[in-house]
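Colleague: Encoded as structure tokens, here's the structure I'll be asking about.
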Amino acid sequence: MAGGEAGVTLGQPHLSRQDLTTLDVTKLTPLSHEVISRQATINIGTIGHVAHGKSTVVKAISGVHTVRFKNELERNITIKLGYANAKIYKLDDPSCPRPECYRSCGSSTPDEFPTDIPGTKGNFKLVRHVSFVDCPGHDILMATMLNGAAVMDAALLLIAGNESCPQPQTSEHLAAIEIMKLKHILILQNKIDLVKESQAKEQYEQILAFVQGTVAEGAPIIPISAQLKYNIEVVCEYIVKKIPVPPRDFTSEPRLIVIRSFDVNKPGCEVDDLKGGVAGGSILKGVLKVGQEIEVRPGIVSKDSEGKLMCKPIFSKIVSLFAEHNDLQYAAPGGLIGVGTKIDPTLCRADRMVGQVLGAVGALPEIFTELEISYFLLRRLLGVRTEGDKKAAKVQKLSKNEVLMVNIGPLSTGGRVSAVKADLGKIVLTNPVCTEVGEKIALSRRVEKHWRLIGWGQIRRGVTIKPTVDDD
């Protein structure tokens, strides 16, 4: 932006220009060139059992190592939600056979580049820009996985070829995305380089049997090796052909769910150089623009003298928008976006704002403290290893006053069941949440020291609280 007119992106000249003065949101689509040049418009989650290669597949496709934190690197597991963007290109030379004509690169690659395949001519052209939400596979991190599922449009289900199928979290994650009503799934049979062909075929039959009757029935099963980058271009081709870009709403008031938040200041920074907090998330609808006034709900939560919950929404302004390293003038629904604000950075540090909703002032939904839900319980517990042919434990009915973990979109909060009927329940939430009637929620219960998915529900109505606004 330095030295240029306001409202025009000048960073990264090799990407499409974005100009706020000529922006007409009614003409934008999820495949508009000026949008996908800089940001992803579709979110794809990677799900599956621990150590089946979810993060490695994301790295093979996008070139980004999603494991960001020291304790994650040392233990070689994903703990927080990882994320990475990738551009998928197709060669415009019709003589080039599929799947070689598909290619994936990092998100700041130019939108067109000449072919390097011998015997072909023409350019690789950008066809999709996808965002990967890399979920943890550990059973104790199930809550994080459910938060990630809130923003997914499709999923890659990873199954390691050198273990029998299904492993505990394979089935638990599959149940979770069924709840989220994800229709588009690709199954990746990974680590194919470690097994003989006969084993791979045998496991292929196991996978078919496992997905029968689930939402993943009929999904393509692609044998890959993420480490050797074998068949990754086939995955790219299937992402383009099999996963439709969801229709998006560009004209409503913008709304973004926060799934990460940071304080970007280094310790010892001069006061004048302090930057505001950064919220990362996925826009559900509408378009956010640089310079826009925003509101964050529920905001700062506290209790009054009588112990009642109070919420004070945060009002601020957007200073910058980013998609990975690409700076934006406006951000459309879809991939993960970083929103630089003027909010006090201590409110954003270390994911403190996760589960809050950010959007246009006065256009955000109500804040609920109690929910009345219609719910549906799973028959048996998932994700628990069972010995031999023993069936998994049955899920007990909800009982009054028990404490559950409730996942509403990207927010996990505790909830106490205050009343329960056949398929209706009332839940008093530990933390207030900004949501709408009709929203889906996932319910988990503490079983043997771990939270386990036991069912899901839909919000029928609830008790809302009025946010307090300062009069000064």
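Just so you know, glycine gets a Cβ as well, placed from its N, Cα and C.
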Colleague: Which is it, of 16-23, 32-39, 48-55, 112-119, that Swiss-Prot names as region 'G1'?
Modeller: 48-55
Colleague: Name the residue range among 2-14, 93-105, 379-391, 457-469 that Swiss-Prot annotates as region 'Interacts with CDC123'.
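Modeller: In Swiss-Prot, residues 457-469 carry the label region 'Interacts with CDC123'.
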Colleague: What range among 76-80, 171-175, 306-310, 431-435 does Swiss-Prot record as region 'G2'?
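Modeller: Based on what Swiss-Prot states, region 'G2' spans 76-80.
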Colleague: Quick one: of S55, N190, Q227, which of the binding-site residues has the smallest count of other CB atoms within 10 A?
Modeller: Q227
Colleague: So what's the mean pLDDT when you look at the region 'G1' (48-55)?
Modeller: 70
Colleague: So what sits near S225 (GTP binding site) in its own chain, CB-to-CB under 8 Å and at least six residues off in sequence?
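Modeller: When sequence neighbours closer than 6 are ignored, S225 (GTP binding site) has N190, K191, I192, D193, N231 within Cβ distance under 8 Å.
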